[in-house]
Amino acid sequence: MQAYKKDFLDLATKYEALKFGSFTLKSGRTSPYFFNLGLFNTGVALSTVGASFAQVIINSGVEFDVIFGPAYKGIPLAAVTAAKIAELGGEKYATKEYAFNRKEAKDHGEGGNIVGASLKGKKVLIIDDVITAGTAIKEAFSIIDANGATVSAVVIALDRQETTVDSPKSAVQVVSQTYNVPVLNIFNLNDVIQYTDGILTEDEKKKIEQYRDQYSPKE
């Protein structure tokens, strides 16, 4: 496992952003684990999140001009990742921009629904915590398109690697295939299973493996 993944997962368990047990999801499924990126709520935690996102982006080699964080959860992610990628990525990434959207457009002052860098004519990387139903990501694509830009990739913290309630594909697969862009992640369910070696009991780990086998995409 890459060092940035282990650092991220270590912190996720410390802050209880990644928990194990029995959790009812919005989909109605009962999951043996739960992830809430919002619990990375200190400066050092947020710095680790930004560094992890930055490392994923650098490793991928994806070309982009602007990091876009959909309101609201994506806003701090875009800002801290822009800062950390400038720190870790050298000159190539030193002037990458970031932006986010307002939930309601302003009709005074600077106006519009975008805060930060202009998107027009640029390659945009969308950053968010997870993709579940994909609704928030679809909205982000629409906003970016309406502002005259194109999406080069999506990067998320967690890929749950499970089917949606109405498709044999995962939400990540649906987004990637619908928009023809790569969807990158800091970690996925297989990483969680690997990470929990020696942390969870065999019974607890088996429940996660059974959940993966039941809901993993079959194509």
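For all residues, glycine too, the Cβ spot is worked out from N, Cα and C.
Some features that Swiss-Prot has for this protein:
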- K26, 72-73, 102-103, K106, H108, 128-136: 5-phospho-alpha-D-ribose 1-diphosphate binding site (BINDING)
- F34, F35, T132, R160: orotate binding site (BINDING)
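Considering only the binding-site residues K26, K73, K103, the residue whose Cα is spatially closest to the Cα of T132 (orotate binding site) is K26. The binding-site residues shown are K26, K73, D129, I131; of these, the one with its CA atom nearest the CA of F35 (orotate binding site) is D129.
Each residue contributes its Cα atom, and for T135 (5-phospho-alpha-D-ribose 1-diphosphate binding site) and R160 (orotate binding site) these two points are 16 Å apart. Cβ neighbour counts within 10 Å, taken over all protein chains shown, single out T132 as the most crowded of the binding-site residues T132, T135. Here the Cβ of I131 (5-phospho-alpha-D-ribose 1-diphosphate binding site) has 26 other Cβ atoms within 10 Å, regardless of which shown protein chain they belong to. Excluding F34, F35, T132, R160, which define the orotate site, the same chain contributes L25, S31, Y33, V130, L158 within 8 Å (Cβ to the Cβ centroid), listed in sequence order. Ranking the binding-site residues K26, K73, K103, R160 by C-beta neighbours within 10 Å puts R160 at the top. Each of the binding-site residues F34, F35 was ranked by the number of other C-beta atoms within 10 Å, and first place falls to F35. Taking the Cβ of D129 (5-phospho-alpha-D-ribose 1-diphosphate binding site) as centre and 10 Å as the limit, one finds 20 other Cβ atoms among all the protein chains shown. Taken residue by residue with DSSP, T135 (5-phospho-alpha-D-ribose 1-diphosphate binding site) is part of a helix. Calculated from their C-alpha atoms, the gap between K103 (5-phospho-alpha-D-ribose 1-diphosphate binding site) and R160 (orotate binding site) amounts to 27 Å. In this structure the residues listed as binding orotate are F34, F35, T132, R160; their two most distant Cα atoms lie 13 Å apart.
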